[in-house]
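*Asks:* First, the structure itself, so that you have it in front of you.
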Amino acid sequence: MENCFYIPPAKPPEQINPLVLAYLGDTVYDLFIRQKLIVGKNHRPDYLHKQASRYVSAKAQAEALRVMLPALSDEERDVVKRGRNAKSGTVPKNANVIDYRQSTAFECLLGYLYYKERHERLREIMELSLAKDAGGKLVCEKTKTARGSDSSAAPAAASSGKSE
């Protein structure tokens, strides 16, 4: 199926400001997470919003990037570096500066892959962000759990149905 949302960029993704790529990547990831959440049972919108917030938070995205970094190609690592080093001029509200920069890097990578039309790799990266450990906990929430925060199990709808 063709991606009905895709509009080619005016210039190659390598020449696009990393913060613009992150802006796009944020939306791509948000749509992915929301679709994953509504696949299963019918839930109320407030529940769906709370669940989505767990995945799209700067902390969760930063941890997901840390976990998947070894699986990235050199090109993808370069994009991550560009995104992480971009100066946003924004002070994060709900995250520390390191997590905020890492999440910007993660979103930059997603935006880059989207504009490169590497949709299969994009999906693979986003699925990796939902990886679970042997105990069934989201890998991207391990840091949160280690700090003693509440970490309920991921909703069944967030699972891809594949063995992880």
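Cβ coordinates come from backbone N, Cα and C, glycine included.
According to TrEMBL, the protein carries these features:
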type	residues	note
DOMAIN	20-116	domain 'RNase III'
ACT_SITE	Asp26	active site
REGION	142-164	region 'Disordered'
COMPBIAS	146-164	compositional bias 'Low complexity'
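In terms of burial and nearby residues, how do these features look in this structure?
*Replies:* Per-residue pLDDT, averaged over the domain 'RNase III' (20-116), rounds to 93.
Remark: Asp26 (active site) has Val56, Glu107, Leu110, Gly111 as non-local neighbours, by Cβ distance under 8 Å and separation of at least 6 in sequence.
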*Asks:* Can you count helix, strand and coil residues in the domain 'RNase III' (20-116) using DSSP?
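*Replies:* Summed by class, the stretch gives 76 helix, 0 strand, 21 coil.
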